[in-house]
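**Q** OK, Swiss-Prot features for this one:
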type	residues	note
BINDING	C9, C12, C28, C32	Zn(2+) binding site
COMPBIAS	54-64	compositional bias 'Acidic residues'
REGION	42-64	region 'Disordered'
Amino acid sequence: MTKITIVKCPQCGTDVEWGEQSPHRPFCSKKCQMIDFGEWADEENAIPGAPDMSDSDGWSEEQY
C-alpha cells in the first residue's frame, strides 16, 4: 500500500498531492507558483537572519 502525501499550497491553501502528477508542487498551479516567485523577487518574503556581510571588506569609499 502506497501512502499518498497531501500538502497545502503555500499560496492559497488548496490540497496538493505530492508526486509527479503535480508538476508545480508544493503549489497547486503555475499561477500560485508565479505569485510566490514575485513576492520573493519584490523582497516581500525573506529568510530571517543576520545581514550578509560576505562581500563587505569593512570599509567605505566615503571614508577616504
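Placement of Cβ uses the backbone N, Cα and C atoms for every residue, glycine included.
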**Q** Neighbour count, 10 Å Cβ-Cβ cut-off, for C12 (Zn(2+) binding site): what number do you get?
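**A** Its Cβ has 13 other Cβ atoms within 10 Å.
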**Q** Are there any residues at least 6 positions away along the chain from C32 (Zn(2+) binding site) with a Cβ closer than 8 Å to its Cβ? List them or say none.
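**A** Result: C9, P10, Q11, C12, T14, H24.
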**Q** Using the centroid of the Cβ atoms of C9, C12, C28, C32 as reference, list every other same-chain residue with Cβ within 8 Å of it (recorded Zn(2+) site), in sequence order.
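**A** Output for this site, in sequence order: P10, Q11, G13, T14, V16, F27, S29, K31.
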**Q** Under 8 Å between C-beta atoms and at least six apart in sequence, can you list the same-chain neighbours of C28 (Zn(2+) binding site), or say none if there are none?
**A** C9, Q11, C12, T14, D15, V16, S22
